[in-house]
Structures are given as structure tokens and as C-alpha cells.
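Novice: This is the structure I want to talk about, given as C-alpha cells.
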Amino acid sequence: MNINKWYKSKDKFLFWLVVIGIVLRIIFFISNFIIGDVHIDESMLFANALSIVNNGTDLLGNKFPVYFPTWFIGGQSPLGTYLSAFAVKLFGNSLFVLRLPALIVGCIGLVCSAKLSGLLFLKKEFKYAFVGLSAVSPWMIFSSCYVLDCNYMGYNLIFGILMLAKGQKQNKRLYYVLSMFFFSLCFYSYIASVLIVPVFLAITYLILFVKKRMSISDSVLSVVSLLFFSIPFIIFGLVLTGKIEPFSTQIMSFPDMKFYSRENSLALNSGTLFEVIKQLFKNFFESLSIVAFPESAITLDNISVNNLFLYGNVGAGLISIFGIAELFLSKLHKKDIKGSTITKSIIIASCGVIVVFCAMTNMPLFAYAYRYGVLTPLLLFFEAIGLALLINKIKAIDIKKFKLILVGYLTVSLMFFGIEFYYIYPKNSESNHLSYGNSLNNCLAESDRTNQNNTIILCNPQYDRGTLVYLYYYQSDKNLNDFGDCMLNAYVKFHQLGAGYSINDAFKDEIISYGNLHLENKTNNKISVSDTITILNFDEIELTEKCYIVQHSALGQYNYENYEVKENGFYDILIKK
């Protein structure tokens, strides 16, 4: 169906909400190139994507890995990396191309949200509220113009729920299979999906089965389909837990993840049963500040761009909590909601997922607020219901007045987000923090113009790893040395400082072993990234070269009176007079 036919056959107000939402995504996508920056996690994803395109391996030499063991101690989910790599393969390497899949998926996600609203809500007010909030949701807009690997999970939830709802409405098994395909893609989008997807599906299917809306055969088909599409992820899990050895095939690899050090992210690893229960309650109540006041993320955290924008603004959290309270106090059967069995099951499952995720996720701080972005589609259900119920409490309200009030609320919310995006976000990305890469990239360009064959970067050891990630993205077309060796070299130097970071015993042993095998790395304070790029960690050095890239906060350690200083944020460049 073309746009003209869709416009004529569907609700015009709903249609224009979707169109405006898509236009907003395109506007902010373009704006992000003008005022934005490249975040360090985004840079790591891009570096791996370019390595896949150029070499058929990730930065650590793994052939088409099912999961990317970034930083040695962490990881990135593969879907976002492979989508960016595929785009580069088709259209060539540029930041626009690397981010293009995020824009496309974001726009498709909004269209699917509109389709989903028609299947879940019978009353127009709830449809309009859900689609309108999805159109202007800060998280959904920003995830369309910036690539964080876990962002894709929120959209896969939308796609999976849509197919499940269509399967219920049309009683076609194909939709159940497609639903499980998209739910399985969540596993390849964010590791937290191991909590979210099973809980959501278990609650949804249990309710549908009890209400006799789901047969045993359809349930079995769904489980088998989910397991089939998840086979690579299941194998990865077995490798991660040490049940089987890492291995490679002709088309993919299951890399060694023995250094993975994110176990402390879950409450289940908090100690004794009493300590686990205590941690669960602590996590849940502390996370309420993030869920209830999502707009606070940008005002309280001025460092990390991936924490800036959550699911809503202008009281979104309080409206969502009101929606949850109204739903469950009314037991989901009052005429205000008019929900079908699939609607009720999805709403109850969404609430269950939010509770479980908030309770299980340790460190519920605004510094890690981006983790809660994956709950956006589920939270928007409750915000939409709460907003529609609040507006309907106004006396003599009709559908025209409802639309007018809704548009007013959406406009204010969008204005709030616009101020955040166009004023606070650029100031954050220009800050003296290594969360952003443009500072180094600008210095690299200046260094190439001044002294093309000798780029020297002076910084403290704790910033070596972040600097390396940017170098392997921005300089991906250069003949760089082995990334793994350079990163281990950086860990050796950082380890000598006695600085604390979350690593397991296996990686501590690896750092010590690598340092003993490369004794020169312990003494020369040098990382050779290539024949022409070097990172130096000297506290004092006599400056003799034509130019240096210098950590701004460490500038006072050097005698640079014979150099012109060009400030660029975290890094400055010194050019000999």
C-alpha cells in the first residue's frame, strides 16, 4: 500500500503523528552530525564494524563473532555492529553510513508502533497517546541518530510484540514464528535480554494459555522457533560459562570470553540468599528515581552521551506510574481501557519485566541510565495509558479536545527535548572528557597536516585504552598494529598504577603474564600503534618534534613555551612555532 492510499484509508491524525515522528528523526539525525560527537562505545562498535568489512574479523581477530569481546573485560552485542558493517559494505565508509541503519530501524519502529496501537487499544485516545509519545520520545529519537549496540533491542521488542498480537488477531502460526524471530534478535541486541525476553514471554503465554487464547501446539511452536533462532546465542552462553571450549566455523566464531567481567551487574551474584534479596529490593527502589524522573538523566549527568535521553519528558515518569496504578487498581477490566486478552497479557508482562529488570540490575545510577532505555516501548504503554486517562478526567472532554490537549503536551515535551539536544548535549560533548572522540580526531587531522609521518600522543596511562579505541576507528584506513597487543600493553601500564577496575582473576593473570613476556612495556611508557602513531605516558618529556597531541589536563607537566597551543577539548595540539 502506497503512502497516498494509506493516508486515505487510515486515521489521518494517527498518520500525521507518524509522519511528524519520522521527520523529527531525520532532522535530529542530520543535526547530530552538526552539533554532536562520536561516543566511545559508538566508536568501539564502528571500529569493529570496519574491521569486519576490511578483514573479516573483529579487532581481536575473531572471524564473524557471535558476540564481540570488547575491552577484553566487556562486550558488545553483534546486531548493531553487523548492521553498520553491512551498510558500509553497500555504501562505503562514512559516519553517515555507519549510523544509517539506526535511522532506518528507528523509522520502521515508529510505523510498527502505530500498527501495534491498532491491535492493542480499541479506543482512539490510547492509540493517539501511544503513537504520539513514541513519535516524540527522546530515547526513540536519539536512538535513531546514534548507535549504541543495546538500542536495537527496544525496537526488536516492538517488532516481536506486533507479530505476536497479529498472530492472536489473525490466528496464523506464521506470525508466531516471526514473533519469536524478533524476540530472538533481542538476544543479539543486548545481553540483558536473557532477563527481559523469557520473563515477558512466560507471563504473556501463561495468561493467553489460561484464557484459552493460546493452544499447546502454538505454544510448542513458539518455544521451538525461539530456541532455533537463538542457537548461536545459546552456544555463546555455553562458551561464556565454560561449558564448552571456544571454536570457529566457516561462517562464525564463538570467541573465548574468559576475561568477561560483568557478573557484578546482576543482583544474583551478590552473595548469600539474604544478601541477594536485600540487593533486589535496594536495586528496585533506587531505580525508581530513573523510571519516575527520566528527564533528570540529562541534567544530573553531563559526561556520558549514552545516558542523556530516556523514554520521556515533562512528568513522563509520574504519568507512567499513574498509568500503572490505574490499570492494576481497576484490574484491567474497566470500560476505560477496553483491552482484549492479548492487550492485558502484554501490559501485565510489561509490568513484570520492568519490575524484574529494575530489581536485578545492580548500580541503578544515572551514570548507567542508558541500560533502562531498552524498557522504553514497555514504559510508553503505561505513559500513554496514564496520559489518556488523565486527559479524560477533564470535564466535557471530547475527541477533538483530547487531540488538542495531546498535541499541546507533545509539543511541550518536544521543546524540552529540543533544549536538551541543541543546548545541553553539545556542551557535554565539548567537555574535557574522553567519552567523546572529536577532540582527538581534530587533533589527528591537524597533526597529519603538520607532521604526517610522526603522530605522538601524550596522555596519562588511564586514558590509553579509550585513546586506542578512537584511533582504531578514526585511523582504520591506516596500517595499524595488532589491537589486542596494544590494548594489553595499555592494561599493563594501567595495572602498574594500582588503579581499580572490574576484572576477574583470569585477566589479572593475563596482564601479569603479558607484562613479563614484554618487559619493555613496563619501562618504556610507550605504545606503538603504528609506524607513524605513538602513545607516550611520560610525566615529563623534552618537546622536540614539530607537533604533539597532549591531554589538556596534563599540559602543565611539559615545557611548551616554544609551541603554539590549539585547544580541542580533552586533547590539545602543540605546534612548534
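In case you wondered, yes, glycine gets a Cβ from its N, Cα and C as well.
Take a look at what TrEMBL says about it:
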TRANSMEM  12-35  transmembrane segment
DOMAIN    77-231  domain 'Glycosyltransferase RgtA/B/C/D-like'
TRANSMEM  100-122  transmembrane segment
TRANSMEM  129-155  transmembrane segment
TRANSMEM  175-208  transmembrane segment
TRANSMEM  220-240  transmembrane segment
TRANSMEM  308-329  transmembrane segment
TRANSMEM  341-363  transmembrane segment
TRANSMEM  369-392  transmembrane segment
TRANSMEM  404-425  transmembrane segment
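Would you situate these features in the structure and describe their surroundings?
Specialist: Proximity of distant same-chain residues to the transmembrane segment (12-35), defined by a Cβ-Cβ separation under 8 Å and at least 6 residues beyond the stretch ends, is recorded for 6, 95-96, 99, 103, 106-107, 110-111, 114, 117, 127-128, 131-132, 134-136, 141-142, 144-146, 403, 414, 421-422, 425-426, 429.
Same-chain neighbours of the transmembrane segment (100-122): 14, 17-18, 21-22, 25-26, 29, 80, 83-84, 86-87, 91, 130-131, 134-135, 140-141, 143-147, 151-152, 154-155, 158-159, 161-162, 165-166, 169, 338-340, 342-343, 346, 377, 380-381, counting only residues six or more beyond its ends whose CB sits under 8 Å from a CB of the stretch.
Beyond its flanks by at least six residues, the transmembrane segment (129-155) meets 14, 17-18, 20-21, 24-25, 28-29, 31-32, 36, 39, 41-42, 45-46, 76-81, 83-84, 98-99, 101-103, 105-110, 112-114, 116-117, 120-121, 185-186, 189-190, 192-193, 196, 294, 305-306, 308-313, 316, 370-371, 373-377, 380-381, 383-385, 387-388, 391, 406-407, 410, 413-414, 417, 420-421 of its own chain at Cβ-Cβ distances under 8 Å.
Counting same-chain residues at least six beyond the ends of the transmembrane segment (175-208), those with a Cβ under 8 angstroms from any Cβ of the stretch are 66, 75, 77-80, 149-153, 156-157, 159-164, 166-168, 214, 218-219, 221-222, 225-226, 229-230, 232-233, 237, 262, 341-342, 344-346, 348-350, 352-353, 356-357, 360-361, 371, 374-375.
Packing against the transmembrane segment (220-240) from elsewhere in the chain are residues 66-67, 173, 176-177, 179-181, 183-185, 187-188, 194, 201, 205, 246-247, 252, 254-257, 260: each is 6 or more residues past its ends and has a CB under 8 Å from a CB in it.
Packing against the transmembrane segment (308-329) from elsewhere in the chain are residues 133, 137-142, 290-295, 297-298, 301, 337, 347, 351, 369, 372-373, 375-376, 379-387, 389-390, 409, 412-413, 416-417, 420-421, 424-425, 428: each is 6 or more residues past its ends and has a CB under 8 Å from a CB in it.
Outside the transmembrane segment (369-392) by six or more residues, the chain places 113, 120, 123, 125-126, 128-130, 132-134, 137, 139-140, 143, 148, 150-151, 153-155, 157-158, 161, 190, 192, 196, 287, 290-291, 294, 297, 301, 304, 306-307, 309-312, 316, 319-324, 326-327, 336-337, 346-347, 350-351, 353-354, 357-358, 361, 402, 405-406, 409 with a CB less than 8 A from a CB of the stretch.
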Novice: Which residues of the chain, 6 or more past the ends of the transmembrane segment (341-363), have a CB below 8 A from one of its CBs?
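Specialist: Same-chain contacts beyond the ends: 119-121, 161, 164-165, 168-169, 192, 195-196, 199-201, 203-204, 207-208, 211, 213, 264-268, 270, 279-281, 283-284, 287-288, 291, 324, 327-328, 332, 371-372, 375, 378-379, 381-382, 385.
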